[in-house]
Amino acid sequence: MARWQRKASVSSPCGRSIYRFLSLLFTLVTSVNSVSLPQSENPAFPGTLICDKDEVRIEFSSRFDMEKWNPSVVDTLGSEILNCTYALDLERFVLKFPYETCTIKVVGGYQVNIRVGDTTTDVRYKDDMYHFFCPAIQAETHEISEIVVCRRDLISFSFPQLFSRLADENQNVSEMGWIVKIGNGTRAHILPLKDAIVQGFNLLIDSQKVTLHVPANATGIVHYVQESSYLYTVQLELLFSTTGQKIVFSSHAICAPDLSVACNATHMTLTIPEFPGKLESVDFGQWSIPEDQWHANGIDKEATNGLRLNFRKSLLKTKPSEKCPFYQFYLSSLKLTFYFQGNMLSTVIDPECHCESPVSIDELCAQDGFMDFEVYSHQTKPALNLDTLLVGNSSCQPIFKVQSVGLARFHIPLNGCGTRQKFEGDKVIYENEIHALWENPPSNIVFRNSEFRMTVRCYYIRDSMLLNAHVKGHPSPEAFVKPGPLVLVLQTYPDQSYQRPYRKDEYPLVRYLRQPIYMEVKVLSRNDPNIKLVLDDCWATSSEDPASAPQWQIVMDGCEYELDNYRTTFHPAGSSAAHSGHYQRFDVKTFAFVSEARGLSSLIYFHCSALICNQVSLDSPLCSVTCPASLRSKREANKEDTMTVSLPGPILLLSDVSSSKGVDPSSSEITKDIIAKDIASKTLGAVAALVGSAVILGFICYLYKKRTIRFNH
């Protein structure tokens, strides 16, 4: 209700520099809400003074004669304040004025002086001055930081404690003026603290902080799920209100406590569900990597059905784990920063791979009697030195080794390179051992643990028998190529920008002479950049049938019709179209449909024939378009190659703009009226033809009857 705005400058005794707000927005709002103050000097004041946040408001009794007593704001001497602008509402008996120009600032607040004088007499009484005091509660701005802890079932928000009295053990927080607000706008869920506690919320206050626990399934929290990945967003406001002050703790958070993690021999893949936020950067260790530098730093992304981040295993750490017999890859304190609803929001997770096994026992041995496997240098930390790889106690070497990517591939015989054989149940198991040294051992002392060892295994089913045979196959059949379904559409647009076509329910459209009609033919459901849409002919008819007569040519053989005085103009699709070759845009002037200076009186229907061409190798003579048409003869079109499309509805042409001046040409009233006239004229013609036919038949019957009478006589 404030009409004037008052700004307060606040500085701390310590002379601290300007505070800055972090991702947590904290606002401390002070107000004195409808507090009726005692009148220290004259208890007979005929009204109630209210000290609001930005102004002073005096509400007089309805029995008070405002015009007679004329209340006014004055200084301590009773003189009117020159620059004070106050509002006096005679109907509602209310006087309002701002603090800045109508009060006197004193220690701790503002002095208010009101004079009430009888305007019907010149006699002044000494008790017509009233003095009041409005307290000023200063606002404080604090440099603060929030702590958000995300779990799958709970979010914990911690805010700094501002007033020690809130931590008073004698205070019953459930009865204080606390309100919890989850969400934003009209969909926000607002709860008094007492109701919130019943629904699983919890508020903890100590001398250092205020902590609110919010259940993850609370109304107002938005959840996003994809496969086994979970992410949710929450916008929180925690409000504390008491006499004369209002504190608002505000936070906006993204939580991803349970993202899907999958690991293979080369990468860790992190799956983030699709939601309106955009991932801007990732932080781990000492690195903060923006999106445009991910690939260069070993992070690749897949943005289909959500977002998948692939971290090279060389970026990961390893640790011993009680649940893993060997070691485990992980990323510590991975910080994901998103741009979401105008804010930069971060969440921290600790993704881990499943246990790494040094033994591979589930692979079938190759049919040629060999065992195939791969070794990566980053399978351990420190990395392996691939030049020191050995197979068992032999000198067998990998068949393929690339140091740049840290890969070595082996193809070792089952009867060589130290491969051992044993029987387990119905399986014949072959195993060998790979060992290598680390590139940078942790110390200069060499222990057995300084050498990397990995057991590799494969198996055959015990009753399997190896057979060698040569099978001669038939030659592969030749591919049969047949064009797929071709789907085209013809549309009209309001202007040359080609932003939004007219809908089907907007037809028939109304156009005047000299107005261009912007049309577009495009290919639907095709994303092949090698195909191109080529126009053959475009024409207009007075009925829906494309083959009806008369016909007015617009485009012939892919070019403007040369016999038109006002020729068709083609427009390029431009960079806004995903595949510009899938579009043909042009406009036609309505002069093309005027004969002997008279406009058409019926609806006009437009049609086009077109075909799809292969830009790599032109597969039809119709694909070769050379304009103008006078440079070549009329092309012979194969009807099987082309497809004819029509506008969704007709266009109504008006020959004279002045005849409908001041009327919207797209008005449905004009359209209905002219269509009605067109239908009426056609109906009248049909009735006239029917009457004429009846007269002729009657005349023939009359002649036949007369002839019969003469013949009988």
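Note that Cβ sites are derived from N, Cα and C of the backbone, with glycine treated the same way.
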Annotated region 'Disordered' segment (source Swiss-Prot; candidates 25-47, 163-185, 416-438, 462-484):
462-484
Need the cross-check against Swiss-Prot: the disulphide partner of C458, picked from C365, C538, C559.
C365
Regarding the disulphide bond with C134, report which of C14, C51, C255, C263 Swiss-Prot records as its partner.
C51
Of the candidates C623, C627, which does Swiss-Prot name as forming a disulfide with C613?
C623
With the cut-off set at 10 Å between Cβ atoms, which of these glycosylation sites ends up with the most neighbours? Options: N83, N393.
N393
Among C365, C396, C458, C623, the disulfide-bonded residues in question, whose Cβ has the most other Cβ atoms within 10 Å in this structure?
C458
For C102 (disulfide bond), which of the three DSSP-derived states applies: helix, strand, or coil?
helix
Using CB atoms and a 10 A radius, I'd like the single residue among the disulfide-bonded residues C51, C613 with the highest neighbour count.
C51
Relative to the Cβ position of C559 (disulfide bond), how many further Cβ atoms are located within 10 Å?
19
Which of the recorded positions N184, N217, C608, C627 has its Cα closest in space to the Cα of C134 (disulfide bond)?
N184
Stretch-averaged pLDDT - the domain 'ZP' (364-630):
78
Measure from the Cα of C396 (disulfide bond) to the Cα of every one of the recorded positions C51, C102, N184, T455, C538, then give the nearest.
T455
Among all chains shown, work out which of the disulfide-bonded residues C84, C417, C608 has the most CB atoms within 10 A of its CB.
C608
